[in-house]
Structure formats: C-alpha cells, structure tokens
Amino acid sequence: SSLHPFSMAHNRHPSLAHLNSDTITQLEMGLENRGIDSRTLPLIMAGAGNWCLIESDPGVFTEIMREVGVKGLEVEELVALDPVFYNELEPIYGLIFLFKWRESDVPTGIQVANPPGVFFAQQVISNACATQALVNLLLNIDRPNEKHIELGETLTDFKSFCNDFDPASRGLCLSNSDAIRSVHNSFSRQQLFELDIKGGKEEDNYHFVCYVPKDGKIYELDGLQDTPYVVGEVGEGVNWMDVVTPAIQQRIQKYAAGEIHFNLMALVGDRKEKAVRRLEEIATSGMETEDVAGEVCDLQQLIADLEEKTKKHKIENIRRRHNYLPLIVEVLRVLAKEDKLVPLVEQAIDNAVKKKKARDESEKVKAKA
C-alpha cells in the first residue's frame, strides 16, 4: 500500500508511539478517504492533548455523564455478580469493568467486525479508556428513546458526525473532542510536586472495558481491540445479566488466586427520578390502601438516601478537583516558623522505622512456622 511509508514515519513520531502499525494504517486510510493528507496524522494526534487517569468511582462517572449532558442515567457500583445485588438496580443498560491489564491477555468471546447497529470506537490515545468505555456504552444502550433518558447534544452530535467512520477514526474523533476531554481531565489528580526521579518499581496498568446488550447479543467493547467481541446471546425472557456474569467471572478466573484489583459498575436509570415518577403515579391514582402507604414511605426514604449519596459524591468530587498544595505549603511554613516541623519529621521517621522492624520480625516468625 502507498500508505505504508507514512505509517513507518509516523511510528517514530512521539504522538503515535503507543499505536500499533495496523491502527496507524487504518487511521491514515480513514483520513485519505475523507480527502485529508494522511501525513497530517501526527499533528491531529498531537492536537488530542493529554488525557489524565481517573478513578474507578461511580460518583466520578455519573458526574462525567451529567457534565456532557446525559440525563436520566447514573452509574452504580456492583459489589458482586449476584442477582441479590443487581436485581434492585434494574434496568441495567450496561457494565463498566476495570481490571489489571496484562499484555498476554486474550479477549474472551467471538470477534465480530462491524456488527450492524453497534457503535465502537478504538482507543488511540493513552489514559482515555475510562471515558472511552463510558462513551462506547452510552452510544449503544437499548431503549435510548425512553422519554426520561437523554444523551445530550454533545454525544448526539459526536455520534452523528462519526457514526459512519471506522473504529480507529471514531477513536481519533473522540480523542480530539474538546468538550469530552475537558470534562474527563477535570478529574485529574493534583500533582503536589514534580520530581525528576524514577521509581524503583513500575506501576500496574489498569484498563476499562464495557459490556452492553444489543439486538439479542452481549458485546464486550474494548478500545484496545480492533473489533467488538460477542460474549453471549440473550434468549427471549432471559435477563442479560445472567448471561454476562459467567463471561466476566471467566475473565477474573484467569488471574492468580487472591487478585482483588477488579471493579464493576453498572449503568442504570436515575433511581431518584424513577422513585419520584412512581410517587407521582400513586398520587394520580388516588389509591389509599395500607400497602400503598407503605410503598410511599419506602419511596420517600429511598429518595432521601439517594439525595444523601449524591451530596456525598459531590463533596468527594470537589475534593478530587481541589488543589491542596497552597494549604500544605502554608501548614509546613507555620510549623517551621514555630520550630515544630523538624521534630514532627523526626518522629515520623522513627515511627516508620519501628513499623518496618515489627513487620520484618513478624515475617521472620511466619517463615519459621
């Protein structure tokens, strides 16, 4: 192909260093098909800017949705893949799964290229996998026309613009979306100090994928893969959660016993809005039985609990976004001025040494046992 020389040159460019040659070629072909010189790819990639790592937290994902204009949906954490935990959250529109990424991992399921009606964007920029998984999920949910669910102008326009593109080009469009990237990066960790020191141990890499039911099939959408994967089929009257559970459990079982670095979140309808709608239905019906009165009390308590949870999430997100460096510097300055800083540091070092000594002795005792 005449595009290969460009691919070889781009592979050496810093903005494309994380992409494999197949993805680069696909991106270049996508540009050429739209009348854009493929040699501009490094500039386009550089324009995507930096994406930060964000926490796997339902409050973070829910606020990201709110800020890009999504209404009627929220994200809830699933503590276990058990009907006891997920039945009360129904309907569940999809799942977001966080796991420790390993280069040797092989996706489960059947690879399907360009399945009809499925929107899939590849990840072409580092650290974007959280929002990538969320966007892939939101743009594939069934029953999006329910009147209480709105994707908002940002996502609707994004899908309309790149729906006919190939997965890599969609990922490029997502990476260059200022509106989506700015919301994502608003959750960046505040760097207190920048030190030019290399750590002795490499940090683990974590990755987000999503699972979504679509037209009787369950798809795993992993931005690091070339295509979606079908991990199960849903028969009539079957809860898709009962089908996807074994697929996720199979993935978890590939890891060593004791591995706990997993997190699972569910995309569900806004539970407070749902409870409010039910209260309005009861008020309109005029029914005043003992059972109805009990349901009203339960709904009112649920609304109060959900409002408290939302308040807690907002406080946590404010703290995530706040820069505490000025406060820390001022506290250190005051402690130093009052001649308390050095004694506190020495005390902290002494405590750390004692803890390490106690830990080493405990390990020696275990080794002898």
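Quick reminder: no glycine exception, Cβ is built from N, Cα and C everywhere.
According to TrEMBL, the protein carries these features:
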DOMAIN    50-269  domain 'UCH catalytic'
SITE      GLN123  site 'Transition state stabilizer'
ACT_SITE  CYS129  active site, nucleophile
SITE      ASP222  site 'Important for enzyme activity'
Pairwise Cα distance for ASP222 (site 'Important for enzyme activity')/GLN123 (site 'Transition state stabilizer') [Å, integer]: 8
Between GLN123 (site 'Transition state stabilizer') and the residue listed as 'active site, nucleophile', the C-alpha gap once rounded to whole angstrom: 7
Neighbourhood of CYS129 (active site, nucleophile) by C-beta distance under 8 A, where only residues 6 or more apart in the same chain count: GLN123, HIS207, PHE208, VAL209, GLY223, LEU224
ASP222 (site 'Important for enzyme activity') CB neighbourhood, other CB atoms within 10 A: 26
Cβ neighbour count (within 10 Å, all chains shown) around GLN123 (site 'Transition state stabilizer'): 27
Mean of pLDDT values spanning the domain 'UCH catalytic' (50-269): 86
